[in-house]
Structure formats: structure tokens, C-alpha cells
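As recorded in TrEMBL:
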type	residues	note
TRANSMEM	7-26	transmembrane segment
TRANSMEM	117-135	transmembrane segment
TRANSMEM	147-171	transmembrane segment
DOMAIN	176-262	domain 'Wax synthase'
TRANSMEM	224-248	transmembrane segment
TRANSMEM	254-274	transmembrane segment
TRANSMEM	286-307	transmembrane segment
């Protein structure tokens with residue numbers, strides 16, 4: 001634990017210094033390739049920093065904030081795009097908007113609007129999940145897999161809620177939610193585009209989807225050019241998740257997680273193609289309850305098929321839950 005804390009201090013000290021450099025020097029350089037070259041050493045450093053941890057939690061959190069979010073935002077920033085453009089008014093804002101999956105809203109709300117009740121409910125449910133892990137040897141593999149998914153979702157929500165509160169207190173800005181009740185999604189487009197991990201599509205749209213769509217429009221109509229853009233965004237998301245899995249398992253990527261996102265991309269594109277056929281949609285329109293069941297069920301089933309096997313084989317999920325239980329025991333003592 002002591003070594004991990006030392007690594008944590010070193011990693012985030014390096015991150016603060018690197019982001020301070022990106023705030024003061026690259027904006028003075030012409031946008032495009034010249035600015036991208038100026039931030040390239042920082043991009044490379046952020047890819048290495050998660051490897052300094054042996055803890056699954058610290059490695060995952062650092063990889064998500066630095067290797068994924070910060071790197072993509074800095075790449076967009078190099079071309080005057082993304083949430084870092086226009087340049088935030090001070091270094092603190094620049095650091096927060098670079099590292100964390102948050103984006104300032106146009107009309108900030110008061111602190112009283114923070115979802116205290118829903119947050120308390122999530123904490124209680126999360127505590128119940130941790131308690132159930134004590135009986136995990138008696139649970140079916142399917143139920144245990146559902147617990148892992150719920151655990152990951154709730155832990156991310158709880159961590160990001162703390163981040164939002166801290167940012168609000170010190171920077172005075174309200175923030176958009178990370179997720180929007182993904183369990184209520186009525187379609188794959190709704191799930192991936194408007195409900196799950198909202199900051200990811202907000203980054204992938206300008207970084208991958210929009211450029212690919214512009215290129216595709218040179219060869220096909222604008223109405224169909226969106227499909228290559230969708231597939232490209234899902235493929236890039238899959239490759240990024242392969243990198244995140246490497247940080248967790250330290251094993252050679254198997255390609256399963258990329259295939260998971262390719263399947264999601266193909267099915268989302270097919271869903272949109274069907275929606276274009278208005279007569280088909282009117283004939284086969286489903287109730288919201290059935291649509292939600294099919295959507296969430298499809299993501300869960302394909303996730304169990306392609307997304308989680310590598311984590312289970314490598315023992316990462318077992319280590320992840322054990323670390324969570326150790327932390328809870330440490331807090332209780």
C-alpha cells in the first residue's frame with residue numbers, strides 16, 4: 001500500500017507538471033501538426049504512467065483519466081477542437097477539463113441541485129454489492145457477472161460524483177453527468193450515444209466520427225456517410241479498451257474487446273439503417289419496456305461473451321473485487 005501511494009504521488013505530480021506545460025507553451029504554437037508535435041512527449045508519458053501501479057484500481061483510474069481522456073483531449077486541442085478550445089481561463093480549469101470526464105455547462109446550476117438522494121442510493125447499493133461478494137462462491141456465474149457490471153458502473157458513478165463536487169467547490173462550475181440512466185436506453189443508439197459514458201461520444205464525435213464522415217461524403221451521399229463514421233468510432237473505442245485491458249492484465253491483447261465494440265458498431269449502424277425505413281419502423285415499433293429489455297440485454301449478453309472473458313481468465317476481476325473489499329475493511333477499521 002505504501003509503495004502504491006508513493007507511485008500515486010509521483011504519477012499525478014508528473015501529470016500536473018505535464019499539463020501545466022501544455023497550458024502555457026503549445027497554445028503559442030500554430031494549431032495542427034506543429035502543436036501536436038509539441039504535446040507528443042506528454043501523450044507518450046501519459047501512456048506509460050498507468051504501468052507504474054500494481055493495483056488494478058489505481059491503474060484503471062489513471063489509465064482512464066490520462067491515457068484515454070487527457071490524451072484524446074490534448075490531440076483535439078492541437079487542432080483547436082474539443083473541450084479545451086477555447087483555452088480555459090486558468091490552469092486549474094485546464095487541468096480539470098483535460099483529465100476528468102466532465103464538461104462545463106453553459107448555464108451552471110447551484111450546488112443544491114447535486115443529486116444527493118440518488119447518490120446516497122447508489123452508495124447503499126454499492127455497499128450491498130460488496131457484502132454479496134462474501135457469498136460469491138455460492139452465486140451462479142451469470143449473477144456474479146451481473147454484479148461485476150453493476151459494481152463497475154456504481155464505482156465509476158461514485159468516484160465521478162466526488163470529482164464533480166470538488167470541481168464545483170474549487171472552480172464554481174456545474175458539470176454534466178457522466179451517465180444518464182443507461183438501464184433506460186430504448187436502443188443501441190440511445191445507449192451508446194446519449195446514456196452511457198457521455199464524455200466518450202463527446203470526444204469521439206469530433207476526433208473520429210466527424211473526420212471519417214467528411215471523408216466518406218466524398219464517395220457517398222451524406223445520408224449514408226454516417227455509417228463509416230459510426231463504425232470508425234466504435235473501432236477506435238475498442239482499440240482504446242484493448243489498451244485499458246493491457247494496463248489491467250499486463251497480457252497480450254486478444255482482440256475480444258475490440259470485436260465487442262465492432263459488434264456494437266455494426267448493430268448500431270444496422271439499427272439506424274432500419275430507422276431510415278419509416279414503414280418498417282411503424283410496422284415493428286416496440287413498447288419502451290420491451291425496447292429497454294432488448295437493448296440492455298443485448299449489451300449485457302455480448303459483454304459476457306466478448307468483453308469480460310479476458311478479465312476473468314487473467315484473474316483481474318477477482319483482484320478488483322478483493323482490492324475493493326480490502327479498502328472497505330481499511331475504512332471500517
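For all residues, glycine too, the Cβ spot is worked out from N, Cα and C.
Bear in mind that TrEMBL entries carry predicted annotations, made automatically and left uncurated.
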Helix-strand-coil residue split for the domain 'Wax synthase' (176-262), DSSP-based: 64 helix, 0 strand, 23 coil
Residue numbers, six or more beyond the limits of the transmembrane segment (117-135), whose CB comes under 8 Å of its CB atoms: 147, 150-151, 154-155, 157-158, 161, 321, 324-325, 328
